[in-house]
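Participant: Quick one: this structure, given as structure tokens, is what I'll be asking you about.
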Amino acid sequence: MERQKSMEKGLLRKSLSIRERKFPNEDVFLEAGLSRKSPREIIKKAQNDDGDCRVTASVFLSTFVAVAGSFCTGCGAGFSSGAQAGITKDLSLSVAEYSMFGSILTLGGLIGAIFSGKVADVLGRKRTMLFCEAFCITGWLAVAFAQDALWLDCGRLLLGIGVGLFSYVIPVYIAEIAPKHVRGSFVFANQLMQNCGIALFFIIGNFLPWRLLATVGFVPCVLHVFCLFFIPESPRWLAKKGRDKECRSALQRLRGSDVDISREANIIRDTIEISELDGETGMTELFQRRYAYPLVIGVGLMFLQQLSGSSGMTYYASSLFQKGGFPSAVGTSVIATIMVPKAMLGTIIVDKLGRRTLLMASCAAMGFSALLLSVSYGFQSFGILPDLTPIFTCIGVLGHIVSFAMGMGGLPWIIMAEIFPMNVKVSAGTLVTVTNWLFGWVVTYTFNFMLQWNASGMFFIFSMVSASSIVFIYFLVPETKGRSLEEIQALLSNSVQ
């Protein structure tokens, strides 16, 4: 007990020393009276402070512009399904070559994910999104004008790098600017816009040639670049870099000109100072007991998300319909029609039902859909009930993709953006994002081969993964609905202690 009190006093002295060096005129900055409080008292203040609950036009605009990058991501994910027949015919690609083309997006995403945390920390959230679009625009142009498999793969790889960077920076940016009572819905808009991109390409991919389809993907990227100049930088990133005047200016812009943002600005500043007491945590220091719980949650959710087969089903939806004897054009159009309203429903209810409930419901529906596909393809291989195979295939593919869009698609990214403190957000966020893209690449590359080898067995494995996900979420994933970022991080820290 005496040792713990001594440590707390030492932390307090160090925290005050940091503040005195950075803010010699402390009384001017600390308008809310938060000075000379221990780190524990500061966190308690954050827990009790509701602040101004208004959602301003600036927050709406900033969120919409940020998730426009997710729309570009969705376009990239949906491209391979609609373009498969045209590309394999025009460029004479084999199944292995097209599997490489489809999966190389996730390989590029893996490369982008490795550097995502560091790039976002050095450049800032806003400039990182601009950096992403440089890769996406170049990638789409390379695909549109490709004359052989090499150029096709290079373009897809560049697009994947941009998408991998986006997958980290967009949810982090939105989580850092949104008020806590709508943070879940706003970050979930990331998944909504991604589904809009997939849906658009599923529909127009049935009618447009693949080169024109790639040109269509280029257009929203250019528009996104233009819109990014009209949104503020993340106040938390600015505070972390010691740019407190800019932090307060960005926060004032987000919360409204008539709102007193002193309390929120001070809580952000104090929380960052507490996290800075241990310094910036590298990848090797990340594997400490104090970070074990959030790390298990973040990595575990991404691991289970990808091993559920979600990426493979989205990338190769046309192949699944064709194998089951269902018209692929009709199937992809039906998916496109339904998945956007379902994602909108998820955006609305995520801050009402909570993360845990929606995650478990999504996994249950995905598991049932995968099991139905396993039965469908199993019957097909034995020649049993051939008339029902197309129906089961349609229901299974539709159910899996739609239920994924409602929960398991977007919620792990929301939780990833919420659970890590600022001093480990770079290394932890990078590890979590790399896990997602690494296993995404494994699934998307092997998906077509496994589909030809034993489709029924593959989907049975996917259903078991979804069942395991429910157990994992029930026992390990906490509810973060309605909590501030500072409160969530304190909760996880106390759980480890």
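The backbone N, Cα and C atoms fix where each Cβ goes, glycine too.
TrEMBL labels come from automatic prediction, so no person has curated them.
This is the feature table in TrEMBL:
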{"type": "TRANSMEM", "residues": "55-79", "note": "transmembrane segment"}
{"type": "DOMAIN", "residues": "62-481", "note": "domain 'Major facilitator superfamily (MFS) profile'"}
{"type": "TRANSMEM", "residues": "99-117", "note": "transmembrane segment"}
{"type": "TRANSMEM", "residues": "129-151", "note": "transmembrane segment"}
{"type": "TRANSMEM", "residues": "157-174", "note": "transmembrane segment"}
{"type": "TRANSMEM", "residues": "186-204", "note": "transmembrane segment"}
{"type": "TRANSMEM", "residues": "210-231", "note": "transmembrane segment"}
{"type": "TRANSMEM", "residues": "291-308", "note": "transmembrane segment"}
{"type": "TRANSMEM", "residues": "328-350", "note": "transmembrane segment"}
{"type": "TRANSMEM", "residues": "357-378", "note": "transmembrane segment"}
{"type": "TRANSMEM", "residues": "390-414", "note": "transmembrane segment"}
{"type": "TRANSMEM", "residues": "426-447", "note": "transmembrane segment"}
{"type": "TRANSMEM", "residues": "459-477", "note": "transmembrane segment"}
Participant: Test the contact criterion for the transmembrane segment (129-151) and the transmembrane segment (186-204): 3 or more CB pairs under 8 Å, pairs 6 or more apart in sequence, then answer yes or no.
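Facilitator: Taking Cβ pairs at least 6 residues apart, the transmembrane segment (186-204) and the transmembrane segment (129-151) are not in contact, as fewer than 3 fall under 8 Å.
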Participant: Determine which residues of the chain contact the transmembrane segment (390-414) at the Cβ level, with the cut-off under 8 Å and only residues 6 or more beyond its ends counted.
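Facilitator: Tertiary neighbours of the transmembrane segment (390-414) are 167, 171, 175, 183-184, 187-188, 190-192, 194-195, 298, 301-302, 304-305, 308-310, 313-314, 317, 320-321, 323-326, 331, 334-335, 338-339, 342-343, 345-346, 350, 355, 358-359, 361-363, 365-366, 368-370, 372-373, 375-377, 379, 436, 459, 469, 480.
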Participant: For the transmembrane segment (210-231) and the transmembrane segment (55-79), decide whether they are in contact, meaning at least 3 CB pairs lie under 8 A, counting pairs 6 or more apart in sequence.
Facilitator: yes
Participant: For the transmembrane segment (157-174), give me same-chain residues lying six or more residues beyond its boundaries with a C-beta closer than 8 angstroms to one of its C-beta atoms, as numbers and ranges.
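Facilitator: Distant Cβ neighbours of the transmembrane segment (157-174) are 63, 66-67, 69-70, 72-73, 76-77, 104-113, 115-117, 119-120, 125-126, 128-129, 131-136, 138-140, 142-143, 183, 186-187, 189-190, 234, 413-414, 416-417, 425, 429-430, 433, 436-437.
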Participant: Cβ under 8 Å to the transmembrane segment (426-447), counting only same-chain residues 6 or more beyond its ends: which ones?
Facilitator: 99-100, 102-103, 105-107, 109-110, 112-118, 120-121, 164, 167-168, 172, 280-283, 285-286, 291, 294-295, 298-299, 302-303, 305-307, 309, 311-312, 315-316, 412, 416-417, 420, 458
Participant: With a Cβ cut-off under 8 Å, give me the same-chain residues at least six positions beyond the ends of the transmembrane segment (186-204) that come close to it.
Facilitator: 59, 63-64, 66-68, 70-79, 81-82, 170-171, 174-175, 178, 213, 216-217, 220, 314, 317, 332-333, 335-337, 339-340, 342-344, 346-347, 350, 405, 409-411, 413-414, 417
Participant: Test the contact criterion for the transmembrane segment (291-308) and the transmembrane segment (459-477): 3 or more CB pairs under 8 Å, pairs 6 or more apart in sequence, then answer yes or no.
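Facilitator: Taking Cβ pairs at least 6 residues apart, the transmembrane segment (459-477) and the transmembrane segment (291-308) are in contact, with 3 or more under 8 Å.
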